[in-house]
Amino acid sequence: MSRDKEVSQKHDTDRSAEASGSTAVSFADDDSTKTDDENRNLDDNEVDEDDEKKDPLAWLPLEGTAKQVANWIAVLLGIWLLLNGVGMIGDGFKMIAGDQAQELFSFAENPFVGLAIGIVTTAIIQSSSTTTSIVVGMIAGGLPLNIAIPMLFGANMGTSVTSTLVALGLAGNKQQFQRGFSMATVHDFFNLIAILIFFPLEMFTGFLGKTATAIAPSLSGQGEGVVSGIFEAIGDFIDLITEPLVELVSGLVEPLGDIWGGILLSVIGIALILFSISFIGKILNLLLVGKAQEILYAALGKNAFVGVLSGALITALVQSSSTTTALTVPLAASGKFEVRTLFPFVVGANIGTTVTGLIAAFSASGAEAEAAMSGALVHTLFNTFAALLILGIPFLRKLPPAGSDWLAGMATKNKLYVFLWIGGVFFALPILAVFISNALS
């Protein structure tokens, strides 16, 4: 009897310990306060002790505050490498394609082709800002707004492939990969739902184009304004700190020619992104404790509004939604933040990335300015209305995390689903849509 009592007490103790080691609490809205569903196929309460012990800077003879400062500097270094990696991928694919990007857009004879071209092109060059800027310039040059709008929709979808790709850097750890891949693809599912709702709505009513056209006259012709100057200065600073390394590597691969040089430059960029995300993730595992974690919670996910606002602001400052959304992958993978907590931040990044298009429109002058501003405003209105609708309706708000949760569970069991998703959604289906559309026209 005494032994049975001891066993019973031991079981009670184990249950108490298990309860006390539950998943980190989310400070997001009502849906975010629940335990993360995306980890239900794994043991949520299991701590990755081995991973947390790994310190990339363990070789430094530093302790206390000095070590904390060194860790944050390392995070900034990782972000710098990430920015350089994204820049190299963009330049690499531009070397491969030459000056064919604008010619590619000229084939958008109907909305479905425009949507497909926007997705594929942006997925290749890894920058919705680049795609949007090209489209805005083409609108100023006479491209009809109704043809340009589907391209802008497609740019939104295509840019989300970056965070999906960088999640592959976590493939060595099942728990981290499932959390990270769920975070990466929640952006995919949000953009898919937004397109499914607003693409047919715009085709039948044209309400985005009409609204943008009505607002554009009051905003066009302000290229010398203070706001435009601020964002241009930030963009120039990003170029200043990344251009030397990107140009150095570009110069080294240039003797190989445009095709092979571009391929090698892109591969180097991908490698930099994979390394930087893994590096940042390890450092954040060490940093996201105590007060530092509370500060990041307040900035990223205290509620949906703060999440959207911070995502929009940070993305507007760095002018790259690919960068900011990719940074959420290691945050989620670390287990410190739930996908539902970071989801509004990603939605905000969609809004923030439209600043680049607005800056491009501000650069236009005369009669072209109003047309260019209309195109830029369509992109801003689309992302803003999508955020309000999907986050504002509980049923719709649950769909992206639920979809990414399901896909991450499948991908964790078999990595083939990762390549089927990337190849199918970002390339095969859009290209198939182009062929079908051309065959029917």
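Heads up, the Cβ atoms here are built off N, Cα and C, so glycines get one too.
Residues annotated as region 'Disordered' in TrEMBL: 1-52.
Here TrEMBL flags 1-17 (among others) as compositional bias 'Basic and acidic residues'.
The compositional bias 'Basic and acidic residues' annotation in TrEMBL covers 31-43 (among others).
Feature annotation from TrEMBL assigns transmembrane segment to 69-90 (among others).
The transmembrane segment feature in TrEMBL is assigned to 111-141 (among others).
According to TrEMBL, the transmembrane segment annotation covers 147-168 (among others).
The feature transmembrane segment is assigned by TrEMBL to 189-209 (among others).
Taken from TrEMBL, the feature transmembrane segment covers 259-284 (among others).
The transmembrane segment annotation in TrEMBL covers 304-322 (among others).
Residues annotated as transmembrane segment in TrEMBL: 342-364 (among others).
The transmembrane segment annotation in TrEMBL covers 376-396 (among others).
Under the heading transmembrane segment, TrEMBL lists 416-440 (among others). Within the same chain, residues 110, 112-113, 115-117, 119-120, 123, 154, 157-158, 161, 164-165, 167-168, 181, 185, 188, 192, 407, 410 sit at least 6 positions outside the transmembrane segment (416-440) and bring their C-beta atoms closer than 8 Å to a C-beta of that stretch.
Counting Cβ pairs closer than 8 Å to the transmembrane segment (189-209), the top stretch among 69-90, 147-168, 259-284, 376-396 is 376-396.
With Cβ pairs under 8 Å as the measure, the transmembrane segment (259-284) is packed most heavily against 69-90, out of 69-90, 147-168, 376-396. Away from its own ends, the transmembrane segment (376-396) comes close to residues 31, 132, 136, 145, 148-149, 152-153, 155-156, 190, 193-194, 197-198, 208-209, 211-212, 215-216, 219, 304, 308, 344, 347-348, 350-351, 353-354, 357-358, 360-361 of its chain (Cβ-Cβ under 8 Å, at least six residues beyond either end). Sequence-distant contacts of the transmembrane segment (69-90), counting only residues of its own chain at least 6 positions beyond either end whose CB sits under 8 Å from a CB of the stretch, comprise 56-57, 60, 62, 125-127, 130, 162, 238, 241-243, 245-246, 249-250, 265-266, 268-273, 275-277, 279-280, 283-284, 286-287, 318, 320, 322-323, 326-327.
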